[in-house]
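Feature annotations, courtesy of Swiss-Prot:
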- 38, 39, 40, 41, 42: GTP binding site (BINDING)
- 87, 112, 140, 141, 142, 143, 144, 145, 146, 147, 148, 210: 5-phospho-alpha-D-ribose 1-diphosphate binding site (BINDING)
- 204, 209, 210, 211: uracil binding site (BINDING)
């Protein structure tokens with residue numbers, strides 16, 4: 001795990017060869033939907049594992065079949081709320097749940113409009129109550145302009161103030177990170193890698209394309 005010196009509370013996993021290998025497969029335009037979804041699940045699981053290294057632990061006593069000994073309990077792992085941004089984050093959440101099996105789950109359906117306005121449409125929100133000792137993890141593979149996540153974080157803040165507010169993604173653009181940190185300076189951001197920039201259409205470069213379309217197929221246009 002590597003802290004990005006450009007911002008406070010922003011971390012990447014560029015020093016993990018395994019995570020970088022999965023990311024490389026996701027970037028490949030020839031990776032099919034099945035492999036793409038599996039890759040997102042694996043990233044959710046392994047980045048979730050890395051997140052536990054930042055959580056509070058407690059030393060406890062445990063009794064083996066032979067004698068008593070000391071061990072640890074990752075306390076925060078049992079107080080997690082995962083917010084999934086449909087639809088691209090579904091596989092990412094599946095991986096996170098394998099690490100945070102006690103997590104309560106919230107679902108937000110949000111979509112970003114086209115350039116230049118990038119207006120955000122939200123039509124479904126189900127978020128559990130957030131408690132003061134909770135760690136909220138908002139899962140969204142692509143942190144591009146940051147508009148979607150800022151809107152989601154505003155909704156999450158209505159349900160309570162957590163101990164920690166974490167955004168977990170696969171790729172991020174510097175522009176999106178800066179906007180999020182300006183709006184929510186307390187938010188911690190963990191991504192596999194911070195990419196170079198956004199293009200004029202709001203896509204991350206070099207990126208991996210539209211994560212939702214690549215995981216689940218491009219949606220049909222509404223018939224007229």
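Glycine too: its Cβ is placed from the backbone N, Cα and C atoms.
On the structure: features taken from Swiss-Prot.
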residue	record	Cβ within 10 Å
38	GTP binding site	18
40	GTP binding site	26
41	GTP binding site	21
42	GTP binding site	21
87	5-phospho-alpha-D-ribose 1-diphosphate binding site	15
142	5-phospho-alpha-D-ribose 1-diphosphate binding site	28
146	5-phospho-alpha-D-ribose 1-diphosphate binding site	25
148	5-phospho-alpha-D-ribose 1-diphosphate binding site	22
204	uracil binding site	26
211	uracil binding site	24
Could you check what DSSP calls residue 40 (GTP binding site) once collapsed to helix, strand or coil?
helix
Is it possible to get the count of other C-beta atoms within 10 angstroms of the C-beta of residue 210 (uracil binding site)?
13
For residue 210 (uracil binding site), which of the three DSSP-derived states applies: helix, strand, or coil?
coil
Neighbourhood of the uracil site (204, 209, 210, 211): other residues with Cβ within 8 Å of the Cβ centroid, in order?
88, 141, 142, 171, 203, 207, 208, 212, 213, 214
What Cα-Cα separation, expressed in whole Å, is found between residue 209 (uracil binding site) and residue 42 (GTP binding site)?
19
To test your reading of the GTP site: which residues beyond 38, 39, 40, 41, 42, same chain only, put their Cβ within 8 Å of the Cβ centroid of those residues?
22, 35, 36, 37, 43, 44, 91, 95
Just the number: how many Å between the Cα atoms of residue 204 (uracil binding site) and residue 38 (GTP binding site)?
21
Of 39, 209 (the binding-site residues), the residue whose Cβ has the fewest other Cβ atoms within 10 Å:
209
Looking at the binding-site residues 38, 39, 40, 41, 211, whose Cα is closest in space to that of residue 144 (5-phospho-alpha-D-ribose 1-diphosphate binding site)?
211
